[in-house]
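Comments concern the structure below.
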Amino acid sequence: MAPLIYSALIISLGLGTTMTFASTHWYLAWMGIEINTLAIIPLMAQNHIPRAIEATTKYFFIQATASATLLFASISNAFLTGQWDITHTPYTLTSTLITLALAMKIGLAPLHSWMPEVMQGLNLLTGLILSTWQKLAPLYLIYQIQPNNPDIFIALGILSILVGGWGGFNQVQLRKILAYSSNAHLGWMILILSFSPPLALLTIMIYILMTFSLFSSFMLTRTTHINSLATTWAKVPILTISTPLVLLSLGGLPPLTGFMPKWLILQELTKQSLSPLATMAALSSLLSLYFYLRLSYAMTLTMPPNNPAGTLPWRLNPRHNTLPMALTTTSTICLLPMTPTIMSLLPF
C-alpha cells in the first residue's frame, strides 16, 4: 500500500474515533463509527489473499448490521424522547437495542462469533488495531448510555468472560487465542461499568497496554502459531523471558500488572454485595489462565528445533523499533506496586 494512502487511512481511523468522543448527538457519533469502519476495511484487505478478503467481507457485513441496528435504535429513541442527546435514553427497549448493537461491534458474547474468524485472516498489526483502537468508540458510547438496570451489562460481562475462556482452550492459532482473550477482558470491563466507570477505564487502559506488548512481541518474531513459539529463543532471546511474563499478566497473576484491575473489580463487586458474581467471575478467569499458561509452556519448556549452521537470527539487527515494545512490556510486568498512585489519579 502506498505510504500516502496508508497515512490517510490511519488519520481517518483517528478522526472517526475522535468525532465519536466529541459528539453529544447520536447521528454524529454514528458517523464517527462509520468513518472508523470504512477506514480499517482497506487495511484489512491490503494482503490480497483469500483469507484476508474473507475476513474483510465478514467484518463489513457484521459492522453494517450493527450500524443499521444502532441507527434504527437511535432514531427510535429520538422519536420517543424528542431529542438526539446520547445520554438521554430513558426507554428500556431503545437502550437495550443500542447496547446490543454496540456489543456486536466490539465482539461481546453472545455476539462474538465473528471476532476469532476475522482476526485469523488479518496480519498482526491490523489485528492489533482491531483489538484495541476499534473498540474505543463503541465502548465510549456504552459508557454514555449506562441503563438504570445493570442486569444486561452483568449478563454480557459474565458471558463474555466464560466464552473468552472456553473458546481459547483448544486453539493453536495465536490470533484466535488473542481474539478470545480480548473477549474475556472486555467482559471484565463491561461487568464493572455500571458500578465504577473509572475502574472500567483503568481496565481498558491496562488491557490495551498488555495487548500492545504481546502483539509487538509476536510481530517481532513473526509468530502466528503456537508451535512457532519454541523458536523465539533463536530470534530474540530476551523475549523467551519477557513474553511469558506478559502472558501471565494477561491471565491476572500477581505480582504482575494484570492482577490490578481484576483485584479492584472483585473488591468493588464485593462492596456492592455481589459476592456470588465476583466468585463466578474469578473462577471463570481460570479458564483464560489455562491457555495463557499453555502458551508460556510452549515458549519456555518445549524442545526447540535444531538451527541450521550459520548466523543466529538474534545476531542480526531487528527491522522494527523495539522501544515501544520495551516500554509497554516493562509496564505490563511492573505496575502493580503503583496501584495506590494510579487510583489517586482516577476519580474513584
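Indices start at 1 and increase along the chain as displayed.
From the backbone N, Cα and C atoms, a Cβ is placed for every residue, glycine too.
TrEMBL entries are annotated by machine, without manual review.
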Stretch carrying transmembrane segment according to TrEMBL (options 7-27, 91-111, 175-195): 91-111
Average pLDDT across the domain 'NADH dehydrogenase subunit 2 C-terminal' (289-343), rounded to a whole number: 77
Sequence-remote partners of the transmembrane segment (201-221) [C-beta within less than 8 Å, at least six residues beyond its ends]: 124-125, 127-128, 131-132, 135-136, 139, 174, 178, 181-182, 185-186, 188-189, 192, 228, 231-232, 235-236, 239, 242-243, 246-247, 249-250, 257-258, 260-261, 264-265, 318, 320, 322, 324-325, 328-329, 331-332, 335, 342, 346
Tertiary contacts of the transmembrane segment (123-146) (same chain, 6+ residues out, Cβ under 8 Å): 13, 16-17, 20-21, 29, 32-33, 36, 40, 43-44, 46-47, 52, 86-87, 89, 95, 98-99, 102-103, 105-106, 153, 175, 178-179, 182, 186, 189-190, 193-194, 197, 200, 204, 207-208, 211-212, 215, 218-219, 224
